[in-house]
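S.K.: Let me begin by handing over the structure; questions about it come next.
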Amino acid sequence: MMLSFARRRYLVTGVLNQDSIAWHTARALQEAGAEILLTGFGRSRRITEAAAAGLPDPPDVLELDVTRPGDFPLLARELDKRWGGVDGVLHAVASAPKDAVSGNFLTTGPDSATHAFRTAAYSLHALTTTLAPLLGGPGRGGSVVGLDFDSSAAWPGYDWMGVGKAALGAVCRYLALYLGPSGIRVNLVAAGPVETVAGRGISTFDRIADRWEEQAPLGWDRADVARLTGPVLFLLSDLAATVTGEIVHADGGMHAVHMEGGGQVLHEAGRRAAQAGRPPREGGRRPPAKETTR
């Protein structure tokens, strides 16, 4: 069954180049008949504009820096001016300083940890609540889809971005709760590891992707980004009209199985963290626990 998005309008965030999930989603939406707009910010906006030029119908790129609160209402006003409403949004935004995703979880400072949370999780809240008055149309609500990564386990090197993604899942559920009465659906797609700018920013990406390709029940190809658009389009479509607060795993089934040998990967990452500043043991043993009172 071919999905049709004729006469539908969607905002797509997070397009950085033609390797991104967001870019492939934007292309799939256009090929299905949708009209789209992209977002970018600062100097990287030129990179987004270059990627937009490679789409079937190059869209405009609107300014949105999720770390600047003032950008959200400006974006909403521009969308209202151009379209008067929007049928759906793809949230594909997250970033973290290097020290937050390099295996140094125990020594990451609060500024870096907060940045990861703000861009990965709180930005979904800010974007969705700001655009809520514009979402949907007569007789139907709108759909917001965010990109996620499995946060049911601690992935070595993913560190504070993993914390941010875990928070993203909670934000999704609360948005689904409070915006459901308005007909607005909020869901996530938890994709397996793929070769994107975001993926390559994780120090242990290759080892995680290797495990995925070896053990995912359906197999996995880290280079095949395009096939991840299917679950996103489903959630954006009316076929998912009864689905909200959900995390759809597009990971070859990896979330459902035990990762053999994962402990070795975790142990190696733990050793690096220890070298980065974990308190040493006394005499080769753990220091005695401090007494606490309740």
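Positions of Cβ are set from backbone N, Cα and C atoms, glycine also.
Automatic, uncurated: that is what TrEMBL annotation is.
Residues or ranges marked as NAD(+) binding site by TrEMBL: G14, S20, I21, D65, V66, V93, K165, V194, E195, T196, V197, A198. Marked as substrate binding site by TrEMBL: A96. Among the features that TrEMBL reports, region 'Disordered' is placed at 268-294. What TrEMBL records for 279-294 is compositional bias 'Basic and acidic residues'.
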S.K.: Measuring Cα to Cα, tell me the gap between V197 (NAD(+) binding site) and A96 (substrate binding site) in whole angstrom.
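M.R.: Their Cα atoms are separated by 12 Å.
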S.K.: Write down the Cα-Cα distance for A96 (substrate binding site) and I21 (NAD(+) binding site), rounded and given in Å.
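M.R.: Between the alpha carbons of I21 (NAD(+) binding site) and A96 (substrate binding site) there are 18 Å.
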S.K.: Going along the chain, which residues six or more apart from the residue listed as 'substrate binding site' have their CB under 8 A from its CB?
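M.R.: Residues satisfying the criterion: S112, H115, A116, T119, A120, D159, W160, M161, G164, G201.
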S.K.: For G14 (NAD(+) binding site), just count the other CB atoms lying within 10 A of its CB, please.
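M.R.: G14 (NAD(+) binding site): 26 neighbouring Cβ atoms within 10 Å.
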S.K.: With a 10 Å radius around each C-beta, find which of these binding-site residues (I21, V66, V197) has the fewest other C-beta atoms nearby.
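M.R.: Across I21, V66, V197, these binding-site residues, the one with fewest Cβ atoms within 10 Å is V197.
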